[in-house]
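What follows is a set of notes on a single structure, which appears directly below.
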């Protein structure tokens, strides 16, 4: 047996079926090369056979695979490689360190990717918002020049080296909600502060002209002065002088000091004040030159200060500098007598509101004699064709004025208005359409249309008739006589007297010499006194007025006649307002007086006809 053992290892792969291989084969292969008889005997023992049987399972696949075909070996080898590789990847016994590292790397990669996407979206959104914001700001700026240097993009212009015009610095909550929202399309407060601190640190002063927007003055280190007045309007004339004096005081302190003037848009109100300042500092000798210079500097198209009333106030300030040495003057007290509309088409019949900086002074919508009438009823045709007149018969005027005042005409085709100053104007002013604010925005054109404003000095409002025995009697005293019927023996003035001066009236005359009304006898009241509507002479007045003036189409010309009862040979009249209240009586009286166009003369007809 020992002689065969050296040949057994070579025959291990060809063990015949049904005969287990000799124990020495396995022992020699597994246990070593011990060929001693003692070693062989130990290998043939039960324990040795048992160990051999156990160890036989391991080489058996290897032995069988050696006899398989090349294709099977290839398939199994590939399968084994696949399963072994899969086992390495899926085995729970694989090292945890590699998985943790892989997971950490994956998480970091995912976080980095999400962060990149988020940052990109945020940056894109910011850029998109900024682009929209820039477009909005440029759209709001319209024709104004912008400051686009040093990384700034502001609605701001250097009018001179020391005078800056800009739009409202918005975007701060101290300006209120709307002021904060306006920061999206107007100058940003932070950007304005950054600009001033960068370019003019410690050398600037801000002038706020807005009455509708304020902000925390501490944002500009307290160097803010406020001279407020409403948008599309004019300031009190004394405010212009005060502004110029304040700005001059700041500029003369240091040659590098600058004034920064703004309203909301930084154009119209700002232009009025800056043009006045240019006049005050004697940059140019005339208001026209100052306005032309400002318009060219501030706007691309040269249309900065365009409202007629604001242009008028720059010229008013020029007069103050020329005639009053820059000193404020008290307002001249006047009475507003009424209005004439020249070349007035039928579609212009406006209601009227008179106001000043303290509030409304007069309005046809609330006055007792006009509040119940439509505008077509209280505008009446004058003897001259194409002229409409408004006044209050029997009253000294519409309202008393002193200084600045505003006339606003409310019309269905669009409102128009103007600001005037009694100290700077004559008692009679004619304004063309180019001198009326907002008239160019009306729907229908009115070529040649003009508004005449008639004033009177407060002491000469109600002139008297020197040829009359009762020249000293006032209209109020005459109106008291209306409570009792007039004596039937009253004499009626001849028609020739009435036709001699059809357009004159003693109440509405500005000059005593122009007063030509009929005189009052000892037994009757004057038939031409506006308040004496109950005298029989009123019948003749209405008759002559009907013959002289075309009043067809006017309601006020037909209704008053119904209240007059006339019999041939009688000089008495039944009261037209019997049994009605004072308001109805006043309205009827207004229509009676309005039927006679002569009561609407202002005593300047000679000059009026020469026009």
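Please read every residue number as a count from 1 along the shown chain.
Cβ coordinates are placed from backbone N, Cα and C, and glycine is handled just like the others.
Keep in mind that this is a model prediction, so the values were computed, not measured.
What Swiss-Prot says about this one:
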ACT_SITE  263  active site, phosphocysteine intermediate
COMPBIAS  462-486  compositional bias 'Polar residues'
COMPBIAS  495-507  compositional bias 'Basic and acidic residues'
COMPBIAS  514-530  compositional bias 'Polar residues'
COMPBIAS  549-565  compositional bias 'Polar residues'
DOMAIN    145-324  domain 'Phosphatase tensin-type'
DOMAIN    331-458  domain 'C2 tensin-type'
MOD_RES   91  phosphoserine
MOD_RES   509  phosphoserine
REGION    1-42  region 'Disordered'
REGION    87-109  region 'Disordered'
REGION    462-589  region 'Disordered'
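When Cβ atoms from all protein chains are considered, those within 10 Å of residue 263 (active site, phosphocysteine intermediate) total 27, not counting its own.
Across the domain 'C2 tensin-type' (331-458), mean pLDDT in this model comes to 94. According to DSSP, the secondary structure content of the domain 'C2 tensin-type' (331-458) in residues is 14 helix, 57 strand, 57 coil.
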